[in-house]
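Peer 1: Below you'll find the structure I mean.
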Amino acid sequence: MATTETGGAETAFDWFGFLARWGTLISLVLLIAFFSLARPEVFPTLRNTLNILNQVSILGIIALGLTVCLVVGLFDLSIGAMATFGGYFAARFLAELGMDSAWVVLGAVLAVLILAMLIGMINGALVSYLGISAIVETLAMSFVVTGVILGVSGARTVYSSDIPESFQIIGQGAILGIPNPILIMIATALVLWVFLEHTQPGRNMYAIGGNREAARLSGINFQKFALIAMAISAACAALGGLVAAANLASGRPQGVGETYLLNAFVAVFIGASTLRPGKFHVFGTAVGVLLIGVINNGLSVMGVATYWQYIVQGLILILALISASMNSVRRA
Amino acid sequence: MTAETTELTRPEPAANATPVLEVRGLRKEFPGTLALDDVGLEVRKGEIHALLGENGAGKSTLIKCVCGAYAATSGEVRIEGRPVSFSTPREAVDAGIAVVHQHFNLVPTLNVAENLWLGEALPRRMGLVDWPRAHARAREILDYVGLDVPTDADVTALRADHLAMISIAKAVASDAKIIILDEPTTALLPHEVETLFAQMRRLAQEGHSFLYVSHRLAEVFEIADRATVLRDGRNAGTFERETMDRASVIEAIVGRRGELSGRKSGSHMRESVVIETAGLSGGGAEDVSLTLRHGEILGVAGLPGSGAEDVLSLLFGRIRRRAGTVRKGELELRLREPSEAIAAGIAYVPADRLAEAVFHAESIRSNITMPSLARYLRDPILRLVNRGAESRESRQVAQRMRVRMPGIEAAIDDLSGGNQQKVVLGRWLSTGAEVFLLNAPTAAVDVGAKAEIYELIEELAGEGAGILFASTELEEYPLICDRVLVFFRGRVAGELKGDAVTEQNIMTLAAGGELAHGDD
Ligand SMILES: Nc1ncnc2c1ncn2[C@@H]1O[C@H](COP(=O)(O)OP(=O)(O)OP(=O)(O)O)[C@@H](O)[C@H]1O
Ligand SMILES: [Mg+2]
């Protein structure tokens with residue numbers, strides 16, 4: 001306890017509160033400034049900016065979906081498997097059909113997303129009606145999904161020669177110079193932002209995350225929203241994987257989603273200590289995703305070894321988590 | 001009450017000796033709020049010192065600054081004359097301060113004994129924890145406050161009053177110099193309050209000091225030697241036992257003169273029935289048949305486990321019904337889930353604010369409008385919420401409930417306990433409910449706000465709503481109820497009307513006794 005007897009300096013500044021809110025945004029700005037000063041001719045260019053956004057777009061789409069799940073307080077560890085699922089099956093369907101038409105592609109994409117939603121709803125049903133822990137259930141589901149993909153594919157990749165052009169455009173094309181994956185990420189972010197912040201179902205999800213029993217006593221049905229949240233999470237993961245497959249023009253049956261799983265959690269948790277400490281939200285997740293993108297791109301532009309990217313990313317996550325826990329300690 | 005006789009045998013705490021706890025010029029700022037401004041406080045050895053004030057006056061903040069949970073912005077705390085500055089609650093414990101916070105936290109995954117030992121070094125034998133000894137000591141602590149629960153019980157399975165008693169037992173048995181209790185009696189039953197007070201008096205006699213926060217003035221007058229009143233984060237008066245009369249204390253607390261909670265002005269009861277149950281059973285309630293009329297304030301009273309509270313839960317679809325029917329007008333209600341009750345125009349305020357009512361990390365606005373969001377929709381398909389209308393109406397509700405807040409967008413967790421309670425009550429005002437099930441609606445609110453909540457309940461009754469009311473404070477029933485049903489072992493043991501609604505009669509029936517004839 002401070003024992004200042006002086007009457008001056010009355011307005012003590014709440015550093016904890018300030019950093020808990022603004023810490024991640026400040027680190028983002030500082031990192032951008034640092035890399036821009038270090039490599040002014042490479043880093044702060046339009047081309048590199050689009051490059052960064054393009055690099056994080058798939059991660060972004062997956063992390064945004066995960067945000068919805070965490071808002072209702074459910075962990076979804078199946079997003080990695082679901083990303084692989086989306087990429088592989090979209091490619092496989094189209095390879096089997098062998099028709100290069102925009103309508104067929106659209107149909108295949110929708111079919112894959114609907115399948116993913118169904119799987120997400122199974123997750124939601126098992127978790128909410130049977131009361132199984134979401135972590136365990138989604139982990140189990142990711143084994144099942146991985147197994148199904150391996151069984152169906154015989155561990156064989158669908159190659160670009162079999163994948164129609166109009167599908168590849170999803171991952172490789174651009175509108176007005178902006179790559180499609182970026183546009184898809186931005187559209188996902190906008191839709192989910194409006195959904196979570198400005199619609200009744202989204203607001204109800206926050207209520208469930210804030211206090212499940214109080215939500216029930218306000219007439220909000222947890223089972224229904226668990227289903228919706230896990231369906232959204234699974235669909236976004238599948239969409240991310242699908243964009244990745246279109247981008248690489250290959251439908252790989254393994255080794256796709258795993259890379260995104262951890263980073264998606266990192267991004268969402270960084271987001272939960274941004275502006276609104278303790279709350280998962282779309283803007284926060286976007287900041288988390290950008291932070292990861294800037295670190296990876298900046299360090300590689302500077303020619304730093306890859307392992308540094310992991311170290312810096314880990315450190316930033318730890319800082320974010322510390323500031324978040326500071327805040328909850330302060331409140332307790 | 002036996003307060004007078006016990007008082008006589010108590011030695012007067014020495015006024016001139018060095019105070020055990022002294023606070024001077026304490027200041028605490030939160031972003032946007034000045035919670036404490038130049039606050040002073042003095043607790044003498046062997047004294048029970050009450051800390052009083054409205055919701056948000058700064059009582060809990062003061063306690064947290066003293067015990068090191070918060071760092072004060074400036075100011076000084078002395079223990080037995082020595083300036084101290086705790087940076088963690090642990091250091092305060094070591095210095096002889098035991099605290100039961102307003103929102104006492106037991107760890108749900110630990111059992112009773114493990115919770116009692118939390119933060120202490122467990123007894124060991126040959127390097128391993130000596131569990132038999134740990135349980136034996138836990139048993140002693142519980143017996144100390146007359147609490148009859150197994151030491152290996154799961155804390156999540158215990159009643160609210162038992163949980164409170166466990167936290168209190170731990171502090172009271174800790175042999176601390178200063179024992180700080182922040183609204184310890186909110187969840188307690190009358191006999192548990194008596195046990196607590198008996199222990200407090202005994203300990204005070206042995207030279208321990210208490211700092212005791214409560215909004216129940218009757219208790220304060222019964223137990224406290226002196227009292228310090230805070231208002232808006234400043235000192236608003238200190239009372240010695242002799243000068244402590246109800247009117248002046250209330251004046252210091254609310255800042256104006258006058259008795260606040262008068263008896264209700266008259267009945268608003270109408271002829272028409274709003275809710276009728278027949279043979280309703282579920283939870284601890286057996287075969288309950290009751291009628292609630294429009295404009296009626298019907299109390300349900302009884303010891304925990306008597307089924308009184310379960311009637312509210314049943315009518316809200318919160319717990320499963322085993323038998324019986326519920327009718328609202330012509331309609332038979334199914335009530336399988338709270339959502340069905342809400343759709344039928346029933347509102348429910350649960351007793352446990354933090355566990356059952358508050359949406360944590362959400363704004364005050366959200367906390368007010370959550371059950372009534374459907375009213376602010378722009379369209380039925382996308383279900384977009386009209387934020388402007390929502391903000392406006394939630395502000396009006398907050399104003400009507402006189403919530404003290406930095407702004408409508410502030411997180412509810414940053415409000416004081418009583419103000420949170422006003423928010424969760426207020427959330428039902430705009431739902432247009434016809435039936436209100438209120439379980440301890442004035443828990444943790446200050447004298448002024450209590451009176452306001454009574455007025456509000458009357459207002460709702462005046463508008464024709466039927467109100468079912470339960471409380472742990474028996475003195476509230478005569479104040480506001482037209483009629484009271486007293487439960488004993490799951491069944492209605494008796495009905496009290498008009499002047500027969502007294503604390504004494506309720507207590508008699510709740511304990512399974514008979515009323516003497518010609519009582520009313
Ligand atoms: N963690 C916090 N962050 C911001 N403001 C806070 C915080 N804790 C308390 N406050 C504010 O400080 C003021 C004093 O709160 P405090 O909890 O001390 O009141 P109290 O006297 O204990 O009230 P009650 O009787 O309702 O428990 C209130 O205006 C409250 O909103
Ligand atoms: Mg308090």
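Placed from the backbone N, Cα and C atoms, the Cβ positions cover glycine too.
Note that the structure is predicted; figures quoted are calculated from it, not measured.
What TrEMBL shows for this protein is this:
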- A:15-37: transmembrane segment (TRANSMEM)
- A:58-91: transmembrane segment (TRANSMEM)
- A:103-122: transmembrane segment (TRANSMEM)
- A:129-153: transmembrane segment (TRANSMEM)
- A:173-196: transmembrane segment (TRANSMEM)
- A:225-248: transmembrane segment (TRANSMEM)
- A:260-275: transmembrane segment (TRANSMEM)
- A:282-301: transmembrane segment (TRANSMEM)
- A:307-326: transmembrane segment (TRANSMEM)
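Would you situate these features in the structure and describe their surroundings?
Peer 2: Beyond the transmembrane segment (A:103-122), the same-chain residues lying 6 or more positions past its ends with a Cβ under 8 Å from any Cβ of the stretch are 78, 82, 85-86, 89-90, 93-94, 97, 141, 145, 164, 166-167, 170, 227, 230-235, 237-239, 242.
If you look at the transmembrane segment (A:129-153), the same-chain residues 6 or more away from its ends with a CB under 8 A from one of its CBs are 69, 74-78, 80-82, 84-85, 88-89, 92, 119, 122-123, 223, 230, 253-254.
Note on the transmembrane segment (A:173-196): residues 50, 53-54, 56-58, 60-61, 64-65, 67-68, 71, 202-203, 205-206, 232, 236, 239, 243, 247, 281-283, 286 of its chain, located 6 or more positions outside it, place their CB under 8 angstroms from a CB of the stretch.
Among residues of the same chain six or more beyond the transmembrane segment (A:260-275), those with a C-beta under 8 A of the stretch's C-beta atoms are 20-25, 58-60, 62-63, 66-67, 70, 77, 79-80, 83, 237, 240, 281, 283-289, 291-292, 313, 316-317, 320-321, 323-324, 327.
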Peer 1: Are the transmembrane segment (A:225-248) and the transmembrane segment (A:58-91) close enough to be called in contact, which here means at least 3 C-beta pairs under 8 A that are separated by 6 or more residues?
Peer 2: yes
Peer 1: Below 8 angstroms Cβ to Cβ, which residues of this chain, lying six or more residues outside the transmembrane segment (A:15-37), approach it?
Peer 2: 43-44, 270-271, 273-277, 284, 287-288, 290-291, 294-295, 297-298, 301-302, 316, 319-320, 323-324, 326-327, 330
